[in-house]
Amino acid sequence: MEEGHHSSLPPSRVIYARFLRAALEDDWKTAEAFIQENPNCLAAPITKQEGTALHNAAGAKRTRFVKELVKLMTLEQLELRNNRNCTALFYAAQSEIVTIAEVMVKKNINLPLIPRNDIQCLPLYAAIKTGNRDMVSYLYSVTPIQDLASAHRVELLKATISTDLYDTALKILDTLNDLESGEKELLWEPLEMLARKPSEIIGNKSQPSLWERCLNSCFRGRLCNKALMQASAHRLVDCLWEKLGDDDKRFSPTAVDEQHMMKLLVEATEVGNLEFLVILIRSYPDLIWQVDKEYGSLFHVAVKHRQERIFNLIYEIGVSYGYLVTVCTKEENSLLHLAGQLPSPDRLNIVSGAALQMQRELLWFQEIEKIVSKSLYSGKCEDNTGQTQKKTREIFVNAHKDLQTSGEKWMKDTANSCMLVGALIATMVFPAAFTVPGGNNQQTGIPIFLETNWFMVFFLSDAIAMLSSSSSILIFLTILTSRYTEKDFLISLPRRLALGLATLLISIIGMLIAFTAACFLVSQSNISVPIRIIVAAPAVPISLFVILQYDLWLDIFHAAFYSNRFLFQSQNRLFKPASLLRKE
């Protein structure tokens, strides 16, 4: 079978099969004997991709094998490329083992720049795409970046942004100071990549704090990595935006490309990249009034994609927003029309449950109503079919009809499930108050353990559980009998749900504490290790209930007590006094 398999291969590859296997298995003894028999095998293409043994050993992370092989190879042999135009150092860069790369570069310092005309086969590019910081740091230190063409350096810059290696990106950007005016256009794409990054990537300051720098220095970068990355990303946006400006580092309407600017605003707003927008608008305030025929303003995009943190910037420009709220998109959609339409599912699902989603949609629509002029509110627009015209309120009602129905069902199902749990707790803790642990004195009828502290703990926790479970049942009953109007979804229903869940949790805790106290009472003469474990066990279901439902709890209490008051308000992110900016 083995001979038949080999017969289908080219003769040259059949000869080197044993050598290839030795390289992959890190068997230097066999390889050394083969080299003595076949001195030309070091430079021979031994795989289908025409790679040498060094290509394969480096890719397989065989450090000892590579060291021995490099000792025997000439400088020219180290520079050999396979049919993908990649040297062995390219695969060493992908292996993430810095030692392998060091062995090769120490013998041939020209390797990091081979092939110079194919950036995607450059070892540094491979390391960056892999995302290994140690390998990137080493290869950057031995690669003469300045010798690469500007377009290739920009490709490296884009690769570092895609893998969030912003410290290296800043170093590469520093080498692009010699760009001609026409070459500056190459920097728009890296900036657009940063605009599409998630909101948590770019920090609100360009330098890490003193304690973050100290911790990073003491622990060799293992702590505060996120803070350092955010600061580097912030500084990278600053530097890119600065390089695209005038020589005096200030923007004027003729110094930037209007189409690119609008694309930056739209892409950053769609993903909620607030810090990116703040950096650009602080540098060039006129961007906040930028209007596009297709998208409208950045606030139209914020409303469409329900990005409240970006929409809140509108409160920082005072009455000047009057012009923006009258702008319409290409489809003749105003801010209020966009608020009346359903957002994309990924933005709708940022909160749990259809009822809470409906509340959030109502808050958006009401907030836009407050800032849009009455004349625009009374206006009409064409629906998607173009056959009828409806007022914005009608658009909202029709678009959210299914969501409102789903919200009602979700709220009722949740209330029914919680009522069942509350009823079960009530049926257990009510009789427990009259059948106390240890029993009663047969002559007086007084509980035997009445004078003990644990009996008072038992009685109080049992009473709390009973009252809380009864309260939760009544609260959930009011949810079931609600009319489910828009006004109910705004405040009443979320608060009832939050209060019902809180009382239900209290009743569960009270019931478990009563169980713990009862265990102590009946076994107080012999408190063994198993009894202590049983006594501590109630902490487990309480913790599980809170941990497993944490996101739902957070969404419910946020909707009940935060969203209707603080969802839309100025965050003071733009145009701060200079003293405050220096503190950042």
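Heads up, the Cβ atoms here are built off N, Cα and C, so glycines get one too.
A TrEMBL annotation is a machine prediction, not a hand-curated record.
Quick look at what TrEMBL lists:
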| type | residues | note |
| --- | --- | --- |
| DOMAIN | 408-521 | domain 'PGG' |
| TRANSMEM | 414-434 | transmembrane segment |
| TRANSMEM | 454-477 | transmembrane segment |
| TRANSMEM | 497-523 | transmembrane segment |
| TRANSMEM | 529-548 | transmembrane segment |
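Long-range neighbours of the transmembrane segment (497-523) within the same chain, counting only residues 6 or more positions beyond its ends whose Cβ lies under 8 Å from a Cβ of the stretch, are 355, 411, 414-415, 418, 421-422, 425-426, 428-429, 432, 437-438, 449, 452, 454-455, 457-458, 461-466, 468-469, 471-472, 475-476, 479, 531, 534-535, 538, 541-542, 545-546, 553, 556-557, 559-561. Tertiary proximity for the transmembrane segment (414-434) is limited to same-chain residues at least six positions away from its ends with a CB under 8 Å from its CB atoms, namely 353, 459, 462-463, 465-466, 469-470, 472-473, 476-477, 479-480, 497, 500-501, 504, 507-508, 510-511, 514, 518. Long-range contacts of the transmembrane segment (454-477) within the same chain: residues 415-416, 418-419, 422-423, 425-426, 429-430, 432-433, 436-437, 447, 496, 499-501, 503-504, 506-511, 513-514, 517-518, 520-521, 524, each at least 6 residues beyond the stretch ends and with a Cβ under 8 Å from a Cβ of the stretch.
Panel annotation: around the transmembrane segment (529-548), residues 505, 508-509, 512-513, 515-516, 519-520, 523 of the same chain, lying at least six beyond its termini, place a Cβ under 8 Å from a Cβ of the stretch. When DSSP labels each residue, the domain 'PGG' (408-521) comes out as 89 helix, 2 strand, 23 coil, counted as helix, strand and coil in that order. Per-residue confidence over the domain 'PGG' (408-521) averages 87 (mean pLDDT, predicted model).
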